[in-house]
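Take a look at the structure below.
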Amino acid sequence: MAAAPTQIEAELYYLIARFLQSGPCNKSAQVLVQELEEHQLIPRRLDWEGKEHRRSFEDLVAANAHIPPDYLLKICERIGPLLDKEIPQSVPGVQTLLGVGRQSLLRDAKDCKSTLWNGSAFAALHRGRPPELPVNYVKPPNVVNITSARQLTGCSRFGHIFPSSAYQHIKMHKRILGHLSSVYCVAFDRSGRRIFTGSDDCLVKIWATDDGRLLATLRGHSAEISDMAVNYENTLIAAGSCDKVVRVWCLRTCAPVAVLQGHSASITSIQFCPSTKGTNRYLTSTGADGTICFWQWHVKTMKFRDRPVKFTERSRPGVQISCSSFSSGGMFITTGSTDHVIRIYYLGSEVPEKIAELESHTDKVVAVQFCNNGDSLRFVSGSRDGTARIWQYQQQEWKSIVLDMATKMTGNNLPSGEDKITKLKVTMVAWDRYDTTVITAVNNFLLKVWNSITGQLLHTLSGHDDEVFVLEAHPFDQRIILSAGHDGNIFIWDLDRGTKIRNYFNMIEGQGHGAVFDCKFSPDGNHFACTDSHGHLLLFGFGCSKYYEKIPDQMFFHTDYRPLIRDANNYVLDEQTQQAPHLMPPPFLVDVDGNPHPTKFQRLVPGRENCKDEQLIPQLGYVANGDGEVVEQVIGQQTNDQDESILDGIIRELQREQDLRLINEGDVPHLPVNRAYSVNGALRSPNMDISSSPNIRLRRHSSQIEGVRQMHNNAPRSQMATERDLMAWSRRVVVNELNNGVSRVQEECRTAKGDIEISLYTVEKKKKPSYTTQRNDYEPSCGRSLRRTQRKRQHTYQTRSNIEHNSQASCQNSGVQEDSDSSSEEDETVGTSDASVEDPVVEWQSESSSSDSSSEYSDWTADAGINLQPPKRQTRQTTRKICSSSDEENLKSLEERQKKPKQTRKKKGGLVSIAGEPNEEWFAPQWILDTIPRRSPFVPQMGDELIYFRQGHEAYVRAVRKSKIYSVNLQKQPWNKMDLREQEFVKIVGIKYEVGPPTLCCLKLAFLDPISGKMTGESFSIKYHDMPDVIDFLVLHQFYNEAKERNWQIGDRFRSIIDDAWWFGTVESQQPFQPEYPDSSFQCYSVHWDNNEREKMSPWDMEPIPEGTAFPDEVGAGVPVSQEELTALLYKPQEGEWGAHSRDEECERVIQGINHLLSLDFASPFAVPVDLSAYPLYCTVVAYPTDLNTIRRRLENRFYRRISALMWEVRYIEHNARTFNEPDSPIVKAAKIVTDVLLRFIGDQSCTDILDTYNKIKAEERNSTDAEEDTEIVDLDSDGPGTSSGRKVKCRGRRQSLKCNPDAWKKQCKELLSLIYEREDSEPFRQPADLLSYPGHQEQEGESSESVVPERQQDSSLSEDYQDVIDTPVDFSTVKETLEAGNYGSPLEFYKDVRQIFNNSKAYTSNKKSRIYSMMLRLSALFESHIKNIISEYKSAIQSQKRRRPRYRKRLRSSSSSLSSSGAPSPKGKQKQMKLQPKNDQNTSVSHARTSSPFSSPVSDAAEGLSLYLLDDEPDGPFSSSSFGGYSRSGNSHDPGKAKSFRNRVLPVKQDHSLDGPLTNGDGREPRTGIKRKLLSASEEDENMGGEDKEKKETKEKSHLSTSESGELGSSLSSESTCGSDSDSESTSRTDQDYVDGDHDYSKFIQTRPKRKLRKQHGNGKRNWKTRGTGGRGRWGRWGRWSRGGRGRGGRGRGSRGRGGGGTRGRGRGRGGRGASRGATRAKRARIADDEFDTMFSGRFSRLPRIKTRNQGRRTVLYNDDSDNDNFVSTEDPLNLGTSRSGRVRKMTEKARVSHLMGWNY
C-alpha cells in the first residue's frame, strides 16, 4: 500500500480526474478513478467525533460541487500572470507551463539573476563568430573586454562594440533657417558630405554636412518641391514639383541637365533606378494625374530622352499615384494609388512592363517600401484602411501577410486615450536595415514593430503626440530607427528592446514647435538631417559642434528669390543679369530680412573664401520701384557718410560703357538693351512689374520686412560676371563624384542584387501556383492621406504661384520698409562707433549671462585698429530688445546667482568694526588695487585674449566650496551649461566687480575662432577671485603661445618666479593632469625642484634659463628677480592696441593730460583714493575703487595692456561716484565732467592740451541745455561705468514726449495698422468675410459647396455655419475705421479687437498646416512685437500724468478705505480680500461701440484653436477681398421679421486680486444697482463736462457708495464714466515688465487666493442700437445680428458709426430693425461695459499660468493663456468648448480632456 498522500497531492489527483472527465480522455479518467479508490488516494472525511471514514470519488465530487471540471486549467492560467508581477519573464505574453529559466513557472529571483561573462568568454568564437550574449545579460558588456577580444579573434559583433546606448550621445549641431516656407524634402548625397533640401519656396539648396555651410541654391521651379532624388553615381539630383515639371541638375556644377515635362499634374514622387544594366538608366516620376513616367538617361553623357515610357493608371477620374519604391536591385518598382490598387512594374526586360495589380486594400494606399536586401522579393504597403501588408512573390503570385493596426500587445496596456481613434490608418511604413522587422506608423500616434516573417506584433512604441510621417532606418544598424512627426518630436528607437533611446523636441522660440516633415540618415550613420514646417534645416550627429559654431543661424543668398525668365523649353535665366543661375558669380550671404552678414560669414560662400574684406561688403545701389520710390540701400556696414566715393561713380560709368560696347559687338546677345541707370549710376530695371517667381512671403519673427525677397531688385554690375569669372566659376565643384573604388563596389553590389531578383522572379514564376490566397477585407473609410498626397490636396490654397499677380504691388512696396525694430536698434548701436561689424556689445547682449551694463564696454579698439572712439553706453531698452527671451531668463538667473553670494558673504561679519572703521574683509583686495603689472595673479583687462582652462576653474570652484568662502551653484557653472573643451580660446568682452567679501571679478568671455581669431558669437560668464594656492586658470594667449613654442623635454632645466624670486628645477615627465583631459596643457609637466620637492607645473609658468644666469649659493634656494627681468616677462602690446602711436607715447601723453586735469578744482575730489575712515561704507558699495592718481601710476608703470583697458577704468570714476552718491549731486556731475574730458582726450590722439578739450565740452553743454530736457537718464542702478554720452541717447526726445503724452498711442496704433496693411499676410483679414464663400450659407442657398473653401469641408463639421463658429466677426477695415473715428479709449481696446481677428482665425480653420493659419501666426507675431511697446508707453504716460495731478486728488484716494483705482498699494497686512461680482445689465453683452462691434463675448486668446480663413481655389486670380477677415450677412438668407435673441454669457472664472489689482469705483467698493444705473444714464452728459466738473461729480458719486460693501471689489463700471477719471487707463498700466514674447501674456498680476466664481446674471433691458433699411451689403450690417428689439433682420441701414459716435457711416445688411442709432449713448455704455470686461480680462490673467500647447491649430482648450472660454460653461461639465450661436454645446474630445486635466508634458 502506498504511503498516504498529502492533502495537496490528494486534491491534485482529484482535480486531474475531474479535468480528464471533462475532456476527450474519459477512459483515462475512469482508470484513474479506479486507481485512486484502490490506493486510497481520495481524501477521507471526518465525522462530528473526529473519526476518519473512507469515501468514494462520487462522494468527493458531491462535496465539492463548487469546483468546476476545468478548475485545474484555470489555476494553471492564473499562475503565470501572478508570477510575472514578481519576476517578469524574458518574453512577455508567452503562457507556458513548460518553460525554463525566466520562462519557468518555478523561477525565483536567484534563477533570474543576470549573467556576467569574464574577459575570456568574449574571445570565444561560435561558428567563426563571437557568441551572442545571453538574454539575462542586462547591461552592455565592457568595451575594454570587447576590444581585447577583437584583438585576439579579429572580429566582434557590432552590437557589442557599439551598444545602442551610444546613440544617446547624438545631439543637434545646428538649426539653420534657410527657407521661407515649409521644407518637405531632405536628402544626402551618396558620400554623405552634402545635404539637399527642397522647400515650398520652390528652391533646392545644397548644404555642407561637416560644417553646415550653404553651398548653392538651385532655382527654376515655380511651385512647391514635392520630392527629390540623387542618382547612385552621385552626379545628378532630380526634383519634382507641384508645377508638373521634373528638373535635373548636375551636382558637380549645378548646371541644369534636363527639364522633364511629361505630367499634367503635380509630381508626387521621384526616384532613380538602382539598376546597372548597360549604360542606360531610368529616372521614374509619379504624378497626381495617375501616371508613372520612366525617363531614360545615359550614364556617361547624362543626356535624357525627351519622351518617357509612360503608364497611365486611372481606373476612374481623380486617381493619383501617391507613392513609389524601387527594389534594392532596381528590377522592380511598386506604386500605391488612391484607387486602393498597388501596381508592380518589371524593368528586367528591354522596356519597363507592368506585371501585377494588387487590390487587397480597401482604402487609399499611402506608403509602399521594398525591402533593403535583394534575397527576397518583398515589400510592405500601408493603407488608410487600417492595415499594412507584407507582400512576397511566391508561386506566380504576390501573397501578403496582413498587419492589423488594431492588434495590441499581450499584457501591455495602451496609454490612456490612444485607442480612442475610431478608425485606425497607417501613415508610414519602413523596414529595418536587415528586413527582420517592419515598422508602421498609425494615426493614433503609435509606432508598431512587426516580425516581417510571421507578422507578429513585437513592440508598440509610444511617445509621439501627433501623426508620424517620417520613419527612417539606420543605414547599417538594424536596431535603430528614427521617427518624426507633426508634433515636433524626433525619436531614436531601439527596435530590439522596443525602447526609446533619444528624443529631441523642435521648439522654436516665439513660434511654438515646428512640425518635422522629413528626416534622413547620412550613409555613414554619423549624421541625420531633419526639416520642419518653419523652413529650418536641423543637423544632428555625434561629436563636437565646433565647426557649426562658425555659421550664422539664418543663411540665404541674396539671389535666392530673384525673378526668373523662362524660354520655350522651361529653362530659366536670372531676369536681372540675363545669366543662367549657375553661371552667376558667388552671391552674398544674407539673413531672412535681407541684411548681409558680416564679412567673416561672407567667406563661407564658395568662391569668396580668399576675398579681401572690401570685396565681401555688398554695395547694392538705389533702385526705383514701381511707385517711383527708392529701395533701401543694403550694405554690409552702415555709416553716417552716405556720399558715395568718386571712384564708385567712375567704376559704374566704365561698367555702363562696357555693357554698351558688348551689346554693339554682339558678344552678349542676352544682355537687355533697354537697361536704364538711376541718378547715382546704379542699375535700374525698366521692368519692375515682373514679380519674383516664386513670390515668397516672409514669416519670420516680429520684424517681417520683405528682406530676402527685396534683394532681387538690386543687381549691380558687381554681380554680373565677366568672361573670366564665368570660366573660373564653371570649374567649381559643388558636389564631388564618388571615389572610383567606392563607386565600383557599390555598382557591383547593385548588379548582384539585380541578378538575384531576376533569378528569384524567374524561379517563382515557374512554380505551380497556389490557389489559397490570404486576403482580408475591411470597411472603407475616409481619412487623412499621406504627407505628399495631403500636400497636393492643399496645393490650391497653399501655393504662392496661385496668388502671384495679386501680390505684385506689395512686393514692390516691400523695399521701402524702414519700420523694423531690429534695424533701428542696430543703427542706434552701431551709430555710436565706427567699429567693425563684430560688435562685442551686441554679442554680450545676445547671450547675456550677466546683469551688469559695464559688460557693454568691450574692446572695440582692438578690433577697429586705429579707431579710438569709445563705445557708448546703450539704453536699457536697446539691451532688452537685442536679448532673446531665453537670454533674459539667463540674465535673471545670473542676477539671483550674484545676489545670493552677496547675502551669504555679508553674514560673516559686520560692515563696520568696533572702532568705527570698516571691517578689513570689505576692503578691495591687493590684487585689484595693485598698480604694478605682474604675470601672476592674473588681473583681467578689457580685450584680453586668453586661454581658459576648465580644469583650473573646476579646481577654483572646489576650493571655494571647501573653504565655504561664498556659495557656488554648480549647475550654473559654464561646463554644465554648454560643451566646453579642456581649454578654450576666449576674449574678455565684459568685466564687472561684485562687492565682497570677498570681492569677485565677473568676466564675460567670448569664444574666438582658433584659426581666424574672430569671435564666433557664443560666450559664457564666470566669476572668481584670487585665492592662495589656487593656480590661475586664465592665461594670456600671448604667454600660452610662447610656452607652447618652448616644447619642454624630459631633463630640461627651467626656472620659475615664486614670491618675486627665481626657483630652479628639472622636467621629469609630461602627462595630462587629469586623464579625462588628455590634450590639456594645464599642469601637464611633473617637475623636480632643486630642493627635492616635486610638483605639477604648467608650461607658461616655466621659463628657460638664459646663459650667464646667476644661480643661488645654496642648492634649492631662490634668486631675487631683477626689475629688468620682470619687465621682460610682461605682456607685449600688439599692433593697433594703442592706436597709431606706441604705448609709451600714449601713456606719456595721457599722464600729462591727467596732470593738467588735476589742476582744475572740479577734478580734485577724484585725485586720490576715497578716505575710508571718513566714508566707512564706501567699500561696501563700490567694488572696484579707482581715482586719477591710481590711473596715473598705472600709466607710469605701463600697467594697461591696451588703450581700451585704460578707457574702461576711466569710466569707473563716474560709475563709482554714481553708485555711492545721489544721482543729481554735485560730485556726480563733477565725475561726469572728469570722465567725459578724459575719455575724449584719450580718444583724440592728436590732442595734447586736455584743457582745450575741457573748454570744448563745457561749450557743448551750454549749447545743449535746452536739448537736455528732452533726453532721458538711463537706469542709475546699473553696475557698469559709462560716459555722459552713454546716458543721453540720441533721438530720445521723441520717445520721451511719447511717454508723457497719453494720446500718443493713437498715432502709434495707426502706424502699426499701416505696417500691418503693408504685409501681404494681412490681405485675408482686411475685409469682412463673404458668407457666399462659406459652406453653411451655401447650403441654405442651395448652392454647391464643392468649389469653395475645401479645407473646412473636409472637416466633420460641414454643416456648421460660419456664424455658429464665429460669434464676434471683426476685420482690419473695421478696426481701422474705428481707430480713425477716435472711438478707442485706450490701446488695450485696440489690442482686443485685433486679437479678436486672430482668435477668429484660430477658431475657424481646421488645418493648422494651412497657409492661412501660417499667415495669421506671422501677422500675430508682428502685431504683438509692436503693441507691447505702445501699451507700455501709454502706461508710462498715464502714470506720469498722475504724478502731476493736484494734491487734493491724492487725498481723495488716500481717504478710501480700500484699494483705489489709482493702483497705489495698500500697506502690507492691511490689504483686504475683495470679491468681484460683475452684474450683467442690458449692455453687458456689448463690447465697445468704439469698435463698431457690439459683440458679447469677451476677447479671448484661447479660442478653440483653429484658424479662421481659407483661400478660394483661384489659381490665377488674386485673393477675393470678401473671402476673409470679418463677416457679412445676406439679408435674404432668413425670413425678415424674425428677430433672434441671444443670451448673455459671462465667464465662470475665479478672480484673483493683487496689490495692483483690477479697477474699482474709486474707493474699492462695488456700486449698488442704483448707482450703476445712474452711471449708465449719466454717461452722455459727461461728454460735455469739463475735467474739474467731472472730478467733482466723481467725488459726489463716491460719497453715495455704501460703506457696507467696502470689502468687495467693484465691477469697474465707473472706470470710464468720467473723462477725468484715470481708472480706465490705469487698467491697462499694471506693470510694464509683464510683457512676454510668444503667447501674448500682457496682464500678469501678483496672485492671491481666489475667491468665488462670477455669477451669470441676465439683464432685461432693451438695446438702443437699431439699423434701418432693406437691402445692400456693408460692414456694419454684420453687427446687426446682435441687436435686440429690432423690427427685422434684413435691410440696409446705418450702423453705430453713423450717428452720435463721431465715426464714419456704415451701410450694410443687418438683422436689426429700423431706427437711428444713438451713437453717443451706446459708445458710453459700451465703454462702461467694456471696463467691466476689463476687470474680468485682468482677473483671468491673474489666475492663469502661461500655458503652451503643442496642438497649435487644433480645437482644444487653453491654446493661449488669455482666457479659458468665451462662453458660459456649466459647472457640471467644465471641460467643453462653450456653446455655438445655435446654443449647441461644443464637446471636447477625450484626448483634449486628458490634456486639459493632466497638463501638457514636454
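Backbone N, Cα and C define each Cβ position, glycine as well.
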Worksheet item: Of S703, S743, S1522, which one does Swiss-Prot label phosphoserine?
Response: S703
Worksheet entry | Annotation match for phosphoserine in Swiss-Prot, from S1541, S1554, S1577, S1643 | S1577
Worksheet item: Where does Swiss-Prot put phosphoserine, among S222, S462, S718, S1579?
Response: S1579
Worksheet item: Pick from S693, S1098, S1497: which one does Swiss-Prot list as phosphoserine?
Response: S693
Worksheet item: Same chain, outside the repeat 'WD 7' (456-495) by at least 6, Cβ under 8 Å from its Cβ: which residues?
Response: 158-159, 162, 164, 167, 170, 372, 403, 407-409, 412, 414-415, 418, 427-434, 436-437, 439, 441, 443, 445-450, 501-507, 513-525, 528, 530, 532-533, 538, 540, 784, 786-787, 1409, 1750-1751
Worksheet item: Taking every residue in the domain 'Bromo 1' (1138-1245), what is their average pLDDT?
Response: 89
Worksheet entry | Counts by DSSP class (helix H/G/I, strand E/B, coil) across the repeat 'WD 7' (456-495) | 0 helix, 23 strand, 17 coil
